Amino acid sequence: MQQFSIGARPGADNRKAAGSAGGGEGKIRCNVHVDVQVAIVYLCVHIAGPSIIRPAAHSPTRPQERTSMLSDKTIQIIKEITPAVAANAEAITVRFYERMFAGNPEVKVFFNQAHQHSGGQQRALAGAICAYFTHIDNLEVLLPAVELIAQKHCSLGIQPEHYPIVGKHLLDAIGDVMGDAATPEIVEAVAEAYGLLAEVCIGREKDIYQQQAAAEGGWNGFRDFVVDRKVAESEIVTSFYLKPADGGALAAFAPGQYITVRLEHPTTPTSPRNYSLSDNPGNGHYRITVKREPALAAEAPGGLISNYLHDHVNIGDTIQVGPPCGEFTIDPSEANPQPIVFIAGGIGVTPLLSMAKSLVAAKTPAPIYFLQAARNSAVHALAGEVRGLAGSGCDVKTQVVYDAPLEGDLNSGKCDGHGLVTAELLRSWAPIAEARFYFCGPSPFMASVADSLKELGVDDSRVNYEFFGPKQQLQTVAA
């Protein structure tokens, strides 16, 4: 098991819109999965809420089988300190980032500083720590989160040697904030609990790396790709078609997965970014569809990489790409006639369109319902491809709603309705009683859809979703 120790600590200083497709970008980075979650911190960040409410397709070693590696005393201590940690969680995470950036500045390149400015990452990590401590004696419930963590880590090339960096600074931050209350016994228990989680994640990540390298056309790390096409999808969204610069084979991907893009920004150090693959597999290219991101806070910059891609990356240019990753997927070969409902808000259409196109290409027996919500026609991306699903020969129904239509949008047929995605709309259009649901979009949109499905009595086993950004509980976002 990974072991960590706490360093010397200073004294006992005890520092203490819903339903809209276009809103909420200030809380969540649309179309960028991990630009705000540094890879090595994913081991904690995402435990606060898995991106899918279903078992992971490739489960890691079951944490419950390893809980015996934690002593009864450690489990008892962790549960006893959970209320105190929860009361100080945000202070701990703020101090954690301060310490890590100062002590290991080399990791700062993994972080999107816009989300550091907004405080979203600190809050996500605080919730994650509390969730892990709360479930320390029932880690089974965290299995989907562990798979998400491992996929995110592998997308950025995280290695076992990165884990002690996080462990050290997390323990030191707890000591700084909780002062004398962080006794050696407590610190030892937290270190043991962290070591267990690290070991589980490292094991699963090793498997993923091996699978990536062994796949036809697969690779580890970053590979040069050339921009073969660049297509404007709306006023703020552009698609990039990417092919291997070496002319070699292209690894297959599961519909819904993402790739990692690494660029050298000319003025500002930036982290790699994850972008959903927005086309179906087997087309000889990877396609990412990127929204130009505004600033998330007054003092923060706009989306450095999204804006750079829009303004400076053109046909013939080379960018570095990591292999496909991600657990928010669908199997198009599955002969399941159960209806599938996709609900896309804004740029959240990207993984869902890949899924839907793959199902159509596989001649799925499942009826498909695809609901796309956008602000208006000026920012409506991939409209033609979504509409084209209905003419594919499969049983596909599409619906487009604008919540802020421009003059002429309603009469021109560019949308089917005006308003928000509500329980009433879903009830009137989709087979609620038997369908599987997949949704993605800005955080208020996600919260609204989740609330609507709950109101309609849809069981969690039929609900699948993905956040683009720091993991947040949907209930928290809605509050």
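Just so you know, glycine gets a Cβ as well, placed from its N, Cα and C.
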Annotated range (TrEMBL: region 'Disordered') out of 1-23, 116-138: 1-23
Rounded Cα separation (Å) that holds between Ile347 (NADP(+) binding site) and Ser276 (FAD binding site): 10
Binding-site residues clustered about Gly346 (NADP(+) binding site) [Cα within 10 Å; pool: His153, Tyr258, Asn274]: none
Cβ-based isolation winner (fewest other Cβ atoms within 10 Å) among the recorded positions Tyr97, Tyr258: Tyr97
Close recorded positions near His153 (heme b binding site), where close means Cα within 10 Å, chosen from Glu205, Asn274, Ser276, Val349, Thr350, Pro351: Glu205
Rounded distance in angstrom between the Cα atoms of Tyr258 (FAD binding site) and Pro351 (NADP(+) binding site): 8
